[in-house]
Amino acid sequence: MAEAMDLGKDPNGPTHSSTLFVREDGSAMSFYVRPSSAKRRLSTLILHGGGTVCRVQEPGAVLLAQPGEALAEASGDFISTQYILDCVDRNEKLDLEAYRLGLTEQASDPKPGASTEGSTEPEPQPLTGRIAYTDAEDVAILTYVKENARSPSSVTGNALWKAMEKSSLTQHSWQSLKDRYLKHLRGQEHKYLLGNAPVSPSSQKLKRKAEQDPEAADSGEPQNKRAPDLPEEECVKGEIKENGEADNKLFEEAAPEFGEAVVDESPDFEIHITMCDGDPPTPEEDSETQPDEEEEEPKVSTQEVGTAIKVIRQLMEKFNLDLSTVTQALLKNSGELEATSSFLESGRRPDGYPIWCRQDDLDLQKDDDDTKNALVKKFGAQNVARRIEFRKK
C-alpha cells in the first residue's frame, strides 16, 4: 500500500490537477456532456479535476458538445469538448469563450487564435501524415486498455484496437493506437498515475471466464458491461444504510472482486473502494491490539460482501463510469452512498453542501480553531464530524 501511495504522488507524472475544474471560491465547475462515445472519458477527466457532471442541462453548467454537432453549433450555447482535453493537456484552466461552438467558428479546431472563417463542418481527418499524441490521449488509451483488455494477448491482437477506434476515443487509426501503446505506453502506467500494468486480472473468476470464452476475452467490450443483470434503482436505495454511510469493512472485502485498487489524491490516506487506512501502528501497538481486533471485529458474511459489490456495480452501470471514478466520488462524499449517488446524478449532494477536496483535508488536520470553524461553516458540523471519522477508519 505504501508503494501505491508513492505512485500517486509521483511529481513527474504528466497528470492534471485535482482542482483543475474548481473555481477560485472553492466551488466545483459543473459540466453537461451531450451523449457521445467520448462522454465517459470526458466525465472521468472532469471528475478527476474536481468538477461535476450533470445528467441534464442545468443553470450555470458548462454545456459541452462534440465539434460538428449541428444542433449544438446552431444554438451557440455549447462549448467544444476539446476544451476539456486542452485544459488537461496544459494542466490549466483555459478561456471557455475561445472554445464556444457557433456558426462563425471553425468547429474542428476551436483553440485560442484559431481562424473563425470557413465552413462549420468539421475538418476531415487527413489521409496521410501523423497526428501527434497528447498526454490526455495517452491517458485515455491506457485507461481504455486497463478497463477492456482481458488478457495479455488482447493488446497484441487487433480486436481491442479496432473497438477502440470505433469508440472515437481519438482521431487515430487502430493501427496507430496499437503501435503507440506497444512502443511507447506499455509499462509506463505509473508515469500517468494509473497504477500497475492494466492487463493482470486478479480475480480467478475472470481468468476462468477468459479461458472458457477466448473470443470474449479479446472482444474489447468493457468489463462493467459484462456484469450480471442488476436489480432496479429502487433496490439500490434499499442497499444503502439509513445514515447514508458505507460499511468500510464490506468494501475492503469487496475490493478484490474488481481487481483494482484506487489511490486518492487526498493526503495521508489510501482507499480500496471506500476503505481508509490510518497511520500504521507501531510493533508494540500492533501486538497488543491485534488479538482484540480479531475478537471484537465481526466477520463479514459472503452475502454482505456480495451486497457491497452489487451496489458499486450498480453505480458504475447506472452512470456509465469506471471503478476509479465511482470510487473517487465516494471518497469526496466521505463514503456516503446516498450522497454519492446524488452527486453523480446531479453534481450536487442532497444536503446542499460541497464535496471534500485535498485542501479541505489538509485544513482538517490543522489544530486551529479558526480553520475548523471555517470548515464547519462550509460543510456543516455533522459533515465535519463524519469526515473525521471517515478518515480514521
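Placement of Cβ uses the backbone N, Cα and C atoms for every residue, glycine included.
Among the residue ranges 156-172, 326-342, 343-359, 377-393, the one that Swiss-Prot annotates as motif 'Nuclear localization signal' is 377-393. Scan Swiss-Prot for phosphoserine across S151, S266 and the hit is S151. Separating the Cα atoms of S36 (phosphoserine) and S151 (phosphoserine) is a whole-number distance of 27 Å.
Comparing the modified residues S36, S43, S151 by how many other C-beta atoms lie within 10 angstroms of each C-beta, the top residue is S43. S43 (phosphoserine) sits 26 Å from S151 (phosphoserine), taking the C-alpha atoms as the reference points.
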